[in-house]
Amino acid sequence: MESNNVEEVTDKFGGCLSLDTEKMGKYDRYRQKGKEAALNGELPRALELFQLAYQLQPSEKLKKRIQAIQDLIQREDEEDEEEEEEFVNVNNSGLKLYKGLYDKLYDHQKEGVAFLYSLYRDGRKGGILADDMGLGKTIQVISFLSGMYDAELANHTLLVMPTSLIKNWVREFAKWTPGMRVKEFHGSSKTERNRNLERIQRKGGVIITTYQMLINNYEQLGSNGHREFKWDYVILDEAHKIKTSSTKTAKSAHAIPAKNRVLLTGTPVQNNLREMWALFDFACQGSLLGTSKTFKTEYENPITRAREKDATPGEKALGLRISQNLTDIIKPYFLRRTKADVQQKKLKLEEGFEEEEDQENKCPNAREGVEMPSLTRKNDLIVWTYLSSVQEDIYNKFISLDQIKELLTTTRSPLAELTVLKKLCDHPRLLSQRAVIQLGLERGSDSELVHSDESESAVSQIDNISDHTLIEESGKLQFVVSLMECLREEGHRTLIFSQSRKMLDIMERVLRNRNFRLLRLDGTVTQLAEREKRISLFQTDKRYTIFLLTTQVGGVGITLTGANRVVIFDPSWNPATDAQAVDRAYRIGQTENVIIYRLITCGTVEEKIYRRQVFKDSLIRQTTGDKKNPFRYFSKQELRELFKLEDTRSSSTQQQLQAMHAQSRRSDTSLDHHIARLHSMEMFGISDHDLMFTKEPAADEDDPEDAESHHYIQTRVQKAQELMQAESELHGQLLDSMAQNTEPAWLRQMGQPNSSIRDRPAPPRIKNEPVTVDLTHNSFDEPEFEEDEQNLPSAEDAEMETASEDVEVIGDEDLGDKVISSEVEVVGEEVEVVAEEVEDAGEVEVVSEEVEGVGVEVEDVGVEVEDAGVEVEDAGVEVEDAGVEVEDAGEVEVVSGEGQVQPKSPQSGGEWNLQIVKTEVSPIAEKFADVITLDDTSDEADSSDFNTESKQQNSSQRFQSPSLQFPKLDDLSGASNTLGNEEVEPEKCHSQVLSSPLSQHEATTDEPFKAEMEMPHGNFNLLLEDSADMYFPEDEEVHEVEESAAEESPEFQLQMDVSGERLEEPSINHDKQNNGEFVNYNDSEVSKRESLLKIRSTPNESVDDSFVHSVRTKKRQVISDTEEEEEEEEESEKPCLTSSPFIDAISRLGSSTPKAVLVDGARLRRSLNASVASRRSFVVSLLENESDEESNEDKTKSSGASETCADELVEEVQTSSGDNSKSYETSEANGTLADELVEEEGEYREGKNTSDKVSESNETHSEEFAEEEKPSGDKSESYEISEASETHTDNSEEEIIGDHTGSYKISESSEADESVVEEEEPSGETLNTEESEMGEEEESAELIAGQEQEEWHSAVLESTGDVELDSNETMDQCAPKTVPVETHVLPVSSTNTAAEASDNKYNLLVLSGKQSLAEGRKQEALDFFLKAIDINTGDPEIQLLIIQLYRQLSQ
């Protein structure tokens, strides 16, 4: 009877189980499909599926999700009705702009937005918005981006600007487009920078960075992971920073791939027309103005000559026609409006006149909307001051020196001498202390004279000098003091600009002693917050009457309309520099009339500088269209007389200008009284700078004299335009070809983990004559010389000129059929580099870009690369025509244990993307080198040691059929027993590392590299300098030669094959297609992140030739910043305290650029039709943040529900192990929907990366979970699920990091605390996700202890903004291995309450921390206590311990 009952109960129970299983399966399917539909924007379908799932198994979480979707659908319906009313077509250009934003724009700003859109609409690659300072270029760009993002015509924008403008741009974005995702790539926190960049590249938005950041990190900004990342828009503010194409700034900007480029500058031409050519060459990517040389010959020279006063009529006529032709060419790409233009247009509209020009972008409803405020009057006065008697005496002595006489007879630059003269005109104490003592201005002993620093200014020694003496020694200072007294009486506030900080020191002391309240801003104020504070204080507190600024810092991008008087203490060679300074006060928002005082000393070099300014200004006005034919004031001959001191009590320039313009001055009674008072001060006279070029030249002055001259001019203009057009087309074709067939050098190199060593390898020696490749082209550190020294090509042009590279073979005999033999012996093991024959052999391009922040050249390091066979004269090198031509880089696959490289696909045609094998150069120089060795296996017998031979002969050589093979090691002395058919055990490798003495780091210099290479026509060996940003200083502590030790084992081959299959799947990359254009080069079966075989040369050390092989986990490093390497090393030795409640505040305090709060996603706009400029978008952003916080609290509170969470975790893992669907990006939508949908994002990433490999958690949460997670294969792969923080937001994501042995970690990065784990976690420590916390009670201490050894070998590596690795890829370990210390883990009984689980975990962490502290491991103890304090924040004992540990570690 009992048996029957048992059977009956069993049957019923089995039936229930089967029903429950079927029901749960349907529930899972509905829920999963609902999430997919929601992420694809199919909200009604998602709602239906979620409702079906809710009927099967109701839950509060699902109910919230359904409610959120219903709210979104309702809002979408509401906005559909209002959509037509909310967006306006900007000036009928086709761009729809949010109405609330459109109505706030002035008419000229609407035209600017229409112009920017016309560039995109008409297929132009870029353009220049060159509006005068103060007309709102910032709001025009923000409005344009708002329309482009709303229309989903752009997703990714890179904004580059000077550091001082970042806060202003962030403020404007928050004001005008609160829903747009704007992040900063700036500040001291590399982690935050990386995270922000990765987020913008992945989700879309605007990333703001500075020019210095661009120089240091152009590689990272131009790539995402291993692929080139092409920005939709690259926008440069204050774009005259790239006016010289040979500078690092310009070259770095050229290196950023972009579909469209927009430049913003109020001064497109500052000194000469080549600067304008450089801007257009960048903006239009070389497709508009041809080459620099042609532009100079055909356009710049005729135009410049025509501006001189003594030009012949023919020259004037030619220059005028050429200038008009140039204006017509650039007109579609160039928009410039001055304040005067805007004011005149406004007056014409009021009077009923219509503007004829720019009909395309003209505002059709110009009289509607916001009215442009009237700008106040500006009087720009030149005040001609006297030299003091002391200044005049020193000036005469200096120009009579033999040094000056000799200078005038040579072609040497007189810049240094002119700088001395300029200082003399300002104040004699700006000279060096030594000069001041010699000139008798200050008493000093002979010993002081001998030991005084030549570069030290005498300003630092003015403490004992009276104010009266300081004022009497400078004529300008006498006038300034009198002027400030006058302006204080009249109630005006003043900006004083000087190019010299030391001059500001003198003025600050004198004025403060006269009871002036003043502020100061110069280059010593490095913190942005402090700069903003001072600017805001002056704008709001009228008690401060004077603001002292340096022209370089205070003259760009800031608004200081609180002042209505501006003093330019010393004129600049560049007229635009002074104009920028003036416009800090004279701009939109200024309500009072402005007076400018430019102080110039009579008869000195300053007068010559001013005349030169006027000449440059005429070029600017003519070329930019401000004036077709400006008046000619001076000739070039007059500009050369710089070292002549004329009458210091009068000025011929002032008299000339006064006679021409005195009657035209715009004035009133108060200004007349003020000028009369100025004449009573110590100065010669006044001229009107703002009236320059108001006089028109004679109407027939520039007409050609006869028909023949007219015909010549026409022919010359036509020829110039045709030549420039042909060059532009050729350059465009070359760009297209390079885009298809090449990739940036760092993309090939980034995938290779590298380490550095302390020792410097001996330069390789060769027996035969080496082939020398000239790699001096495209240098980042050395000037590029052409026929004209100022005609410097851009970096982009340099990369294009493949034909200019030449290969020189040095030798006394034909090397056509010979083999250049060389040896590569790496600690006793022979490395063979063999290559398969390539049918279509051609050209190999090898590019090694230098990190700009390092700036060390190969010559500086002292590496004799010439002896290696290749001359490398700088770090930014490019090898072209070197022998093998690769038109379409093929794919490479490791298909055998021998490691041979074979073409992956037949359509690749046997073409190759050559890998670079890295060798290491001395850390004394702290630089690195690439060694590319090619050889032919048929001539291995010819290999021999390198010997130095004299270079005798140069001849060009080419080769056609090189071969390439991955280096392999036949035997590893430290791990030979692991080869063959056995699997490499990481424990053995680590024991090798731990047991190896320091002598193993040292190898002999007597064993150089062995390599072989043969080509039909020549042989070469390249030693290239590599970028230093991909190495870590801490690697110097442990020198490990990493090599794929298991490549001959079946397991190794199996892993490679599996990874290849994964790579072929379309879902392998989690990046969405609409998140930017990714150009994926070399989708190799061998992943680029695969730890490629390294050949380490470690000479100058002991003769221990043993190999050390280990699996190393290393953080990927793409950023190269300006911090010292010592700081990086110190930082790397300290684990990031990610779980500390204080770390977020610390990181924010340490960063000068805190993150923006308001973010919004592209999907939100698609689903809601909400503009990023709308108020609703702003509210949605706030709601998202609130819901995220609530959701985080709920997750923390519900973490005790072990059964529910365990079920969900099992469900998530099942999804991840079986699902290969494409990854998705979460839209930052309203309510809890975004949070809950994003919770599942990690599933897709995990499923995508692992595919058939399912993970086995080292913290088994339940028996079911452990069973379901068994791998599909026979291999045992250990995983560790860790969590960077208990707090999560909607952007948390999972990534998988693997090593050679299949040991992986799954780590989850938290966005909430904005911190990451950069180093290995303390050994034995285990971190859980929320779901896994429930199962912690069921795990046994024995299981944890058994897995500690495996945990030790795979470090917990958190996301630092880099793209996740694929399943077969590895990273090198940064820090030296330490012997793991077992952590005592207390077994805890099974319980269902969250409180008990938290208490158990808390006690466990406290006990582990105290144990570590007792054993002297303070850092590990601190980590444990920080995690404990996150659980129980009120324990005073732990708080005290944390504070004590922080103090001890900081010391």
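Here the Cβ of each residue, glycine as well, is placed from N, Cα and C on the backbone.
As recorded in Swiss-Prot, the features of this protein are as follows:
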type: BINDING; residues: D131, D132, M133, G134, L135, G136, K137, T138; note: ATP binding site
type: COMPBIAS; residues: 781-804; note: compositional bias 'Acidic residues'
type: COMPBIAS; residues: 944-964; note: compositional bias 'Polar residues'
type: COMPBIAS; residues: 992-1002; note: compositional bias 'Polar residues'
type: COMPBIAS; residues: 1035-1050; note: compositional bias 'Acidic residues'
type: COMPBIAS; residues: 1063-1074; note: compositional bias 'Basic and acidic residues'
type: COMPBIAS; residues: 1121-1132; note: compositional bias 'Acidic residues'
type: COMPBIAS; residues: 1213-1230; note: compositional bias 'Polar residues'
type: COMPBIAS; residues: 1244-1278; note: compositional bias 'Basic and acidic residues'
type: COMPBIAS; residues: 1310-1341; note: compositional bias 'Acidic residues'
type: DOMAIN; residues: 118-286; note: domain 'Helicase ATP-binding'
type: DOMAIN; residues: 479-639; note: domain 'Helicase C-terminal'
type: MOD_RES; residues: S961; note: phosphoserine
type: REGION; residues: 647-669; note: region 'Disordered'
type: REGION; residues: 778-804; note: region 'Disordered'
type: REGION; residues: 935-1006; note: region 'Disordered'
type: REGION; residues: 1035-1054; note: region 'Disordered'
type: REGION; residues: 1063-1083; note: region 'Disordered'
type: REGION; residues: 1096-1140; note: region 'Disordered'
type: REGION; residues: 1182-1343; note: region 'Disordered'
type: REPEAT; residues: 27-60; note: repeat 'TPR 1'
type: REPEAT; residues: 1402-1435; note: repeat 'TPR 2'
type: MOTIF; residues: 237-240; note: motif 'DEAH box'
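Overlay of Swiss-Prot annotations on the structure.
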residue : record           : contacts (Cβ under 8 Å, 6+ apart)
D131    : ATP binding site : H108, G112, K137, Q140, G266, L335, R336, R337, T338
D132    : ATP binding site : G266, R336, R337, T338, K339, D583
M133    : ATP binding site : G266, A579, Q580, D583, R587
G134    : ATP binding site : K339, D583, Y586, R587, I588
L135    : ATP binding site : H108, Q109, R337, K339, V342, I588
G136    : ATP binding site : Y106, Q109, G112, I588
T138    : ATP binding site : N168, W169, E172, D237, L264
Other CB atoms within 10 A, centred on K137 (ATP binding site): 20
Secondary structure tally of the repeat 'TPR 1' (27-60) (DSSP, helix then strand then coil): 28 helix, 0 strand, 6 coil
Assigned conformation of K137 (ATP binding site) - DSSP reduced to three states: helix
Three-state composition of the motif 'DEAH box' (237-240), taking helix and strand from DSSP: 2 helix, 1 strand, 1 coil
Three-state composition of the repeat 'TPR 2' (1402-1435), taking helix and strand from DSSP: 27 helix, 0 strand, 7 coil
